[in-house]
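Engineer: This is the feature table in TrEMBL:
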type	residues	note
ACT_SITE	443	active site, proton acceptor
BINDING	54, 310, 316, 317, 318, 319	FAD binding site
BINDING	180, 181, 182, 183, 184, 185, 186, 187, 269	NAD(+) binding site
DISULFID	45-50	disulfide bond
DOMAIN	7-325	domain 'FAD/NAD(P)-binding'
DOMAIN	345-450	domain 'Pyridine nucleotide-disulphide oxidoreductase dimerisation'
Ligand SMILES: Cc1cc2nc3c(=O)[nH]c(=O)nc-3n(C[C@H](O)[C@H](O)[C@H](O)COP(=O)(O)OP(=O)(O)OC[C@H]3O[C@@H](n4cnc5c(N)ncnc54)[C@H](O)[C@@H]3O)c2cc1C
Ligand SMILES: NC(=O)c1ccc[n+]([C@@H]2O[C@H](COP(=O)([O-])OP(=O)(O)OC[C@H]3O[C@@H](n4cnc5c(N)ncnc54)[C@H](O)[C@@H]3O)[C@@H](O)[C@H]2O)c1
C-alpha cells in the first residue's frame, strides 16, 4: 500500500475545480488538482461548451449580417459568399488547444497535479486509479456532468454526435437532425442553419426552451421556426442507411414521421458525473438523478467535503459554478454564507438571442405573488429602430408593494449583455426598480430599451 499524501486542499475536477484551487492558492495552501481528463483541462466550458460553441457562433452571426446587408444599403454578391467550414472549426480547435495548454502550465506550476480518476475509499481518503491515497483538510468536488443519451432503439447503431464529437468536424453536413429543444439545440441549430446546413429539430413540446418565460419561449420558437424545420413529437426509433441517418418520430396527432439527414445530433440534457466516485463510501449523499446533495452552504453530508458546479445538478452554467466555487471556499474557511440564486442570470446564444434573470411569469403565478408585467419592443427605442427594429422585446416583472424586481427577460440583439444592468439593480440596495430609473442612459443605445421598460412600469 502506498503512503498517504496529505494536502490542505484537494479539488477534484479540471473545470470549476480550478475555482476552489485558485482561492486556496491565494491563501498559500498546498493544493492537489485531480482530473481524469488532463488533455481537457479547463473542463466542459473551455473544451466542449461555452467557449468553443460561442467561437463558432461568431461565424454564424457574421454570416447573418452578410445575408442581411442589403437592408442597410450594402449590396453583396450572395452567390460568391463561401463558408470555409474546415477553417472555422480549425480556428476554434486551435484557440481551444492554446487555452488548455495555458491552464495545464498553471496547474503544473502551482499545484500538485493528479491526472487520474479518483474514488472515495473512506470518509477521509481518495484513491487514484494507480492506488495513490490522498487526504486533505478540505475536499472540493466539481466533477461536472455529461450528455444524457435517450434510450431510442437503433440510436447507438445509427451513430450520433453529442456536443463533444460535433466540435471535431472537418466538413459541414448538408443536413442535420437534432433531437432536443433546449440550449444546445438552439445554439448549435443556429450555427449550422446560419452556415447553410438544412436543420430539422425534434422537440417534445411545441415550444422550444420551455424553461424561459412563456412569451420569450413562444416568440423564440416562432422566429427559430423560420430558420429550421421544427417537428414536435417523440423520437421512437433511429436507423442508418448507406447515405442517411433516419429518426422515426411519433407525432402529437398520433401519426409517425420519418426524418432523414446526413447526420444526427443528440442534445437532450446532462447528468451529474458521480459514477465510480463511490460518494456514499465518502459519506456523501446523492439524489435520485445521481447528483451530489449539498446544503445551503454547498457542504455535502461529510463536513470536510464541499461540492458545486454541474455535479450538484442545479443551474448548469459556468458563471454559476464560479460563483458557487468561491462561496464554497469561503464557507470552508468558516464564512457561513448561503447560496442565493435569485439573481443568477443565463443566456441562450442563439438567434434571436435570449438573456434572463430571476423569475418567469409562470413562476410568479405559481408562487401566488402579486406582480405586474411591463413589455417594450426593440422598435420602441431609437437604437432599436436604427438596427432595423428586429423582432425582440424586454419584459419586466415587479412585485407590487415591495417594488422589488422579480424577473427580467429579453429576446433580441445583445440580450445576453443587456440584462446585466438589471442583475446589478437586483443586488443594489432594496433590489427595487428605482436604481435603473434614476440612472442616465446614453442615447441612442440599446440599454435605453432597458430604461424604457423600467420607465413604463
Ligand atoms: C455545449 C455547451 C455549451 C455551454 N455553453 C455555456 C455558456 O455559454 N455559458 C455558460 O455559463 N455555461 C455554458 N455551458 C455549461 C458550462 O459549460 C458548465 O456549466 C460548466 O462548464 C460546468 O463546470 P463544472 O466544473 O461543474 O464541470 P466540468 O467543466 O465538466 O468539469 C468536470 C471535471 O471533473 C473531471 N472528473 C469527473 N469525474 C472525475 C473523477 N471521478 N475523478 C477525477 N476527475 C473527474 C472531468 O474530467 C472534468 O475535468 C455549456 C455547456 C455545454 C455542454
Ligand atoms: N448558453 C448556455 O449557458 C448553455 C448552452 C448550452 C448548454 N448549457 C447547459 O448545458 C445543459 C445541457 O443542454 P441541453 O440542450 O442538452 O439540455 P436542456 O436541458 O437545455 O434541453 C434538453 C432538451 O431535450 C429534450 N429531451 C429530453 N429527453 C428527450 C428525449 N428522450 N427525446 C427527445 N427530447 C428529449 C427536452 O425536452 C429539452 O428540450 C443546459 O441545461 C445548460 O445548463 C448552457
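Don't overthink the numbers, they just go from 1 along the chain as shown.
Note: Cβ is positioned from N, Cα and C throughout, glycine not excepted.
In TrEMBL, annotation is done automatically, which means it is predicted and not curated.
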Engineer: Identify which of the following recorded positions, namely 180, 182, 186, 269, 443, place a Cβ less than 6 Å away from any atom of ligand 1, and list them by sequence position.
Structural biologist: none
Engineer: Please report the distance from the Cα of residue 54 (FAD binding site) to the Cα of residue 45 (disulfide bond), rounded to the nearest angstrom.
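Structural biologist: So the Cα of residue 45 (disulfide bond) lies 10 Å away from that of residue 54 (FAD binding site).
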Engineer: Using DSSP, would you call residue 182 (NAD(+) binding site) helix, strand or coil?
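Structural biologist: Reduced to three states, the DSSP call for residue 182 (NAD(+) binding site) is coil.
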Engineer: Give the helix, strand or coil assignment DSSP yields for residue 269 (NAD(+) binding site).
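Structural biologist: Residue 269 (NAD(+) binding site) sits in coil per DSSP, no helix or strand.
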Engineer: So around the NAD(+) site, 180, 181, 182, 183, 184, 185, 186, 187, 269 aside, which residues have their CB within 8 A of the centroid of those CB atoms?
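Structural biologist: These residues sit around the NAD(+) site: 178, 188, 189, 208, 209, 267.
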Engineer: For residue 316 (FAD binding site) and residue 45 (disulfide bond), what Cα-Cα distance in Å is obtained after rounding to a whole number?
Structural biologist: 11
Engineer: Report the same-chain neighbours of residue 269 (NAD(+) binding site): residues 6+ apart in sequence with Cβ closer than 8 Å to its Cβ, ordered by sequence.
Structural biologist: 147, 148, 180, 182
Engineer: Would you please pick out, from the recorded positions 54, 318, 319, 443, the one with the fewest other Cβ atoms within 10 Å of its Cβ?
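Structural biologist: 443, out of the recorded positions 54, 318, 319, 443, has the fewest neighbouring Cβ atoms within 10 Å.
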Engineer: Per DSSP, what is the helix/strand/coil residue tally across the domain 'Pyridine nucleotide-disulphide oxidoreductase dimerisation' (345-450)?
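Structural biologist: Across the domain 'Pyridine nucleotide-disulphide oxidoreductase dimerisation' (345-450), the residues distribute as 34 helix, 31 strand, 41 coil.
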Engineer: Sort the binding-site residues 184, 186, 310 by C-alpha distance from residue 443 (active site, proton acceptor) and give me just the closest.
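Structural biologist: Minimum Cα distance from residue 443 (active site, proton acceptor) across 184, 186, 310 lands on 186.
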Engineer: Based on Cα coordinates, which of the following binding-site residues are within 10 Å of residue 45 (disulfide bond): 184, 186, 310, 317, 318?
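Structural biologist: Near residue 45 (disulfide bond), where near means Cα within 10 Å, the binding-site residues are 317, 318.
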Engineer: Looking only at 54, 310, 316, 317, 318, 319, the residues listed as binding FAD, what is the longest Cα to Cα distance in Å?
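Structural biologist: Taking every pair of listed residues, the largest Cα separation comes to 19 Å.
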Engineer: Are any of 310, 317, 318 (the binding-site residues) within 10 Å of residue 50 (disulfide bond) when you go C-alpha to C-alpha, and if so which?
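Structural biologist: If one measures from the Cα of residue 50 (disulfide bond), the binding-site residues that come within 10 Å are 317, 318.
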Engineer: Measure between the Cα atoms of every pair in 180, 181, 182, 183, 184, 185, 186, 187, 269, the residues the record assigns to NAD(+), and report the largest value in Å, rounded to a whole number.
Structural biologist: 14
Engineer: Filter the candidate list 45, 54, 310, 319, 443 of recorded positions, keeping only entries whose CB is under 6 Å from an atom of ligand 2.
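Structural biologist: Those recorded positions that pass the cut-off are none, since no Cβ is under 6 Å from ligand 2.
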Engineer: Rank the recorded positions 45, 50, 184, 186, 316 by how many other Cβ atoms lie within 10 Å of each Cβ and give me the one with the fewest.
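Structural biologist: If we count Cβ atoms within 10 Å for the recorded positions 45, 50, 184, 186, 316, the smallest count is at 50.
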